[in-house]
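Undergrad: First the structure, which I've put down as structure tokens, then a few questions once you've had a look.
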Amino acid sequence: MAKTSEPTRLASALTALRGVVLLIAGAFTLAYPTEALRFLVFVGGGLLLVDGLLNLATIRFDQPRDTRFWVGAIRSAFAILAGLAVLLSPWLIPILSVQFLLYFVGLQAIAAGIIEMVELVVPQRKPMNQVWPALVSGGAYALFGLALILLPLSSATVLAQLVAVLMIVFALSLFFRVWSQRSRAGAPGIDAP
């Protein structure tokens, strides 16, 4: 029997850890889809806020206030407002309806995405390696906003449960991969197939 190398053991352990995390997340999402969605919404709100703040930090305030400056500032403001609306939603829902918040955040995400894509047509020559990331980022923002507005909340719960089943299946495949790797390596305590 061959001795299992240290990198192989580490790779197997990390793959098994991924499987455990996916299995736990999948089981939790399957059992409690609404709570899992709520958690993902808060993570998304935090990402929107951080994205807006980081984009705002990259704006050159010492440069002239041209169209590019204002497009970046407005896009950052939209992302920050949307992130704050999501993060503060537990306190805003008694005042505003969930549907209103969905439309509010959705429209802001659409606006931020469109603004990011419009920034490409501002009269400046941009290298192609700067165009594609802005198109993808702006498109992702706009699609996220459209999904918030067009998809009913009940569909999100069903989708979360479907993703949970896929996570569990993927976790099981990771466990099989680890077992297979360790079996081929002749790890002690595991019989080769």
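Placement of Cβ uses the backbone N, Cα and C atoms for every residue, glycine included.
What TrEMBL records for 12-33, 39-57, 69-88, 100-122, 134-153, 159-179 is transmembrane segment.
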Undergrad: With pairs restricted to those 6 or more apart in sequence, evaluate whether the transmembrane segment (12-33) and the transmembrane segment (69-88) have 3+ C-beta pairs under 8 Å.
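TA: Taking Cβ pairs at least 6 residues apart, the transmembrane segment (69-88) and the transmembrane segment (12-33) are not in contact, as fewer than 3 fall under 8 Å.
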Undergrad: Between the stretches 69-88, 134-153, 159-179, which wins on the count of C-beta pairs under 8 angstroms to the transmembrane segment (39-57)?
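TA: Answer, by Cβ pair count: 69-88.
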